[in-house]
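Just passing along the structure, written as structure tokens.
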Ligand SMILES: *[C@@H]1O[C@H](CO)[C@@H](O)[C@H](O)[C@H]1NC(C)=O
Ligand SMILES: *[C@@H]1O[C@H](CO)[C@@H](O)[C@H](O)[C@H]1NC(C)=O
């Protein structure tokens, strides 16, 4: 039954968009995934600054996770390239001007010494430096608690973090943040009754496309994380060695059509939906990265240039994908209503990013924060009016900004989803051998 249930998942057309799973698989697994992996191994993308010690804003979190596999090893300060650590490099001409201006101030220069151009730039910079576009609660990376983490040395994999604590996080995310009515329980567990499930899905059908999309994004993220945990399962743990690898049983328990009464296939469809949303954001933000003065700055000139070339190559590839999701179908109705809906969407999502501070296991917290920030950045790109208003017709706009944190999380988050899609193919082969 595994194969049947599964095969019906990974074929055919997806809801709310015009593409099919096979096209995405081929495009991702053979064209995008290998290059993306290479990019994410570079210094620029492997070091992520994160504050893992922010207190949970919603309940008292007693961090009860003493498991070794949950530990995150922060970087020694001399491991991280100076170019990344120094705050001096920012991401636009204006920011560079602002930097000049701050330096001038430090040197005791008076205001008159600033050129008119600089003054204007400073004004503009402060004006659009507000967080009104942001879908995420931004980590205070200036905090002494924030540390650089080497993502390659702290891979996302099975940690044993489960049970009531992990359960609580996901249920809070679903129950309180997914625009859902109080009376209908979402079918989190596979063993729950069919009746409840059907009520839930008919409720979901009745939602407007945006609210449904919100739910699907969260479910897709959940599915993606579970694909990783099944693919890097702790298979062997003794004093000789630890071994991580594919656990087909675990995968089936979460995704098999029959075992999950249809829920698993839906989860995987949502994973593809999430993939398409992030893919679309990447194709849209290309002009930002094409700016001549944009650098993936680490201080190593040769590497930085090569990295930018690879990044642009990837983004052009992304742009060539024939079946892009049309985000214009979102927030398209009555202007006031669309505005309110978008604001709701943003607030709900910010809440989810704050909930990540409540995840008890540091390793899971790290990847949870990174992936929500990445998705938040994708949403910021898709729905930013600045970007819509200014690109690409009038050339790259300097009003649209991304921080290094946003860039690193955007690509790493997409890298995780891309890996999940790749892993689905591996599981498909493994399942064929089982039967
Ligand atoms: C695979 O996962 C199942 C739970 O889904 C577990 O019972 C089993 O021990 C795991 N297999 C290995 C080899 O760890
Ligand atoms: C944010 O999350 C908290 C805790 O789950 C909840 O009480 C609050 O209503 C949420 N707000 C929004 C806008 O979702």
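Note: Cβ is positioned from N, Cα and C throughout, glycine not excepted.
Pasting the feature list from TrEMBL:
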- 65-70: disulfide bond (DISULFID)
- 157, 159, 170, 219, 222, 254: FAD binding site (BINDING)
- 361: active site, nucleophile (ACT_SITE)
- 361-364: disulfide bond (DISULFID)
- 364: active site (ACT_SITE)
By a 10 A CB contact count over all chains shown, which of the binding-site residues listed here is most packed: 159, 219?
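That would be 219, with the most Cβ atoms nearby.
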To the nearest Å, how far is the Cα of residue 364 (disulfide bond) from the Cα of residue 70 (disulfide bond)?
7
Just name the most isolated of the binding-site residues 157, 222, 254, going by other Cβ atoms within 10 Å of its Cβ.
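If we count Cβ atoms within 10 Å for the binding-site residues 157, 222, 254, the smallest count is at 157.
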Tell me the Cβ neighbour count for residue 364 (disulfide bond), meaning other Cβ atoms within 10 Å of its Cβ, over all protein chains shown.
24
Roughly how many angstrom lie between the C-alpha atoms of the residue listed as 'active site, nucleophile' and residue 157 (FAD binding site)?
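Between the Cα atoms of the residue listed as 'active site, nucleophile' and residue 157 (FAD binding site), the distance comes to 12 Å.
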Please name which of the binding-site residues listed here, 157, 170, 219, is nearest in space to residue 70 (disulfide bond), Cα against Cα.
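Comparing Cα positions, the candidate nearest residue 70 (disulfide bond) turns out to be 157.
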Counting Cβ neighbours within 10 Å across all chains shown, tell me which of the recorded positions 70, 361 comes out on top.
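Of the recorded positions 70, 361, the most buried by Cβ count within 10 Å is 361.
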What does DSSP assign residue 157 (FAD binding site), in three states?
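Residue 157 (FAD binding site) sits in coil per DSSP, no helix or strand.
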I'd like the number of other C-beta atoms within 10 A of the C-beta of residue 170 (FAD binding site), please.
16
